[in-house]
Amino acid sequence: SCDTTEICNCSSMGLDFIPPGLTAKTTVLNLAHNRIKHIQSQDLWQAVNLRALLLQSNKISSIDEDSFRSLGKLELLDLSNNSLAHLSPVWFGHLFSLQHLYLQGNSYRDLGQSSLFSNLRNLSSLHLGNPGFSTIRQGNFEGVVLLDQLWIDGGNLSQYEPGSLELIRKINHMIINIKSISIVSAIVRDLLHSVAWLEVRKLDLSELDEMQLLRVMSNCFASKLSFKESLITDATVPDIVSIIADMPKLEEVELIDCRLLGTGRWKMQIHVNQSQTIKVMTIEKLSIEQFYLFTDLQNVQGLLSLLTKITVQNTKVFLVPCRLSQHLRSLEYLDLSSNLLGDQSLKHSACLGSLPVLQTLNLSQNSLSDLEMTGKSLSHLRHLILLDISQNNFGDIPDVCKWPKTLKYLNLSRTQIRKVTTCIPPTLEVLDVSANNLKEFGLQLPFLKELYLTRNQLKTLPDAAPIPNLVAMSVRSNKLNSFSKEELESFKHMVLLDAGDNNFICSCEFLSFIHHQAGLAQVLVGWPDKYMCDSPLAVRGAQVGAVHLSLMECHRSLVVSLICSLLFLVILSLVAVGYKCHAVWYLRMTWAWLRAKRKPRRAPPKDLCYDAFVSYSENDSDWVENIMVQELEQACPPFRLCLHKRDFVPGKWIVDNIIDSIEKSHKTLFVLSEHFVQSEWCKYELDFSHFRLFDENNDAVILILLEPIQSQAIPKRFCKLRKIM
């Protein structure tokens, strides 16, 4: 399970213990998702150079105290989602290099009486907690000074001793997943000056009486505050906004996957001092059940004027009130992707006087359908540089549109455009029209530097004359099969061409031509994934100059033709040999024999028509037909015999006749002679009878030795017959 770099992946193998054989060469050991219950002292003793040990999602309930003693170079230890009922500081005593420790999802209720982490001087990220985690004591984090991330997952944490986290001087990212607001308040009080990014998860902020407990947060010096999967109501919004506005160093606020009960009709006017520090606000997947009744947010308009970046994604926004847009005087970046904005609502949202300094606008995946109206609604934005309106449904577009004169970047990918027209602004430097089923591209864009035409239906490269300054172009996943020297040379400034996943016909001449395009060949990227001669060129980022093709890759069509011709000749030869050797007959014979084996072992008495089936060689027919048959059929009482000359059904395959005759006879008479042994038909009759009769352990076979024969003449596969002989 180990590769050349000594990374050993033993995950999901059903292991009950750590496998033996670990050496000092092992650097990464992945034992996740197994059934390991116990870690013994000697299990990891030899892995002295181990850097990462992944033991998550096992059933570990006990660990010997010196199990990790030899892992002085270990940097990552994951013991999450196991069954550890207690944690021992001895486990971590010799892990001097440990940077990442994950202990969440076990069954311990506390962290013990002393510090587990006092020797972990290089610890960077720590994840603790489980549904039963209930207590944090003073001294539990003694020795921990700096952390990049601390995650406490204690939904039912009920006891927190004040000062427990106070010794940590700096935490870049603190994640608190605790239900109790009083506990959250006590933790925040210890982190007022040490945390840079405070993230609160699954907190119920619906009770107005409890909001006073969070007032301590207004004194926190965090620069970023996140609420995830939390509940907010109209009643508590004023207090939350007041707390956020009072935080002295706060620059960024996030609401991710939260739920708001209400329609924005807050019972009290929000009276707070406008925050001079908050510049960024992000709202993603905010659930508002009655979003269609939401008010125009005029109560908070005054708080938004200093924001420079706003993201509101996937929140069912169908309108931004004009007044609100006009108050966004400092906004440079606005992301309203994955919402419900339509053409008319965009016109109202981007009214005159709104968004005066906006530079970047993302309206992707909304309900826009009129490109002309979209451009006109945004045309007054004098500083707009980048516009993303991808994943809308524009369809056919007109020839003339009005756009901001400063627009340089336009994304129209996945917008159902069937043909590009002069509606596209000529000021663009970057244009993306990927995934639109375009069959041609011929716009006059004199300033264009980057053009993305991925996943269209182009059969030829765009004409270079209308786009003279093009530097990079992607035509991946189109229907190109070649392009001429003149076409490529016409792009005088081109240094990057991504033409992967097309239908190019590979030839040495074609590649030689590409190779000598000095400016292009040095940075050719992604050339192509499905190049019909794709072995060396399928590597993305390979330079054409480094490619050396073999005869097979240079003349793929010729080689494939030769292989197909040889394959055809081999098949034709096999057919001829099979015809000459009666292969079809033998196949039918095998099928008949298999059917015979599947039939019931004994035929019903009513189906038995003959006393005996006679198997003999044609060379012995004189004695059989004139002497033996005459004697038996004229006896008193007479015997009824089955002879192939007389009783086989005309037109029926001979093998089926043999099988039916044997099955419909009480006995089978074999007239053995040298001629019999040499007859192929007699051998087949003997073969069927051997299975049907000898294998049933009955006495239905009668052997008549017409003349002395050698026992070796009987085929060895008829072992019982040879024994009877």
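The backbone N, Cα and C atoms fix where each Cβ goes, glycine too.
Taking a C-beta cut-off of under 8 Å and a sequence gap of six or more, C8 (disulfide bond) has these contacts in its own chain: S1, C2, L22, T26, V28, L29, N30. The feature disulfide bond is assigned by TrEMBL to C2-C8 (among others).
Per TrEMBL, disulfide bond is recorded for C322-C351 (among others). Summarising the environment of C351 (disulfide bond), the number of other Cβ atoms within 10 Å of its Cβ, over all protein chains shown, is 16.
Positions annotated as disulfide bond by TrEMBL: C401-C423 (among others).
TrEMBL lists 558-579 with the feature transmembrane segment.
As annotated by TrEMBL, domain 'TIR' applies to 608-725.
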| note | If you measure between the CA atoms of C401 (disulfide bond) and C351 (disulfide bond) and round to the nearest Å, you get 18
| task | Using Cβ-Cβ distances, find the residues under 8 Å from C423 (disulfide bond) that belong to the same chain and are at least 6 apart in sequence, listing them in sequence order. | result | L371, E372, G375, I397, P398, D399, V400, C401
| message | Need one number: mean pLDDT over the domain 'TIR' (608-725). | response | 78
| Residues near C322 (disulfide bond) in space but at least six apart in sequence (CB under 8 A) | H348, S349, C351, S354
| request: Inside 10 Å of the Cβ of C401 (disulfide bond), count up the other Cβ atoms and send me the figure. | output: 19
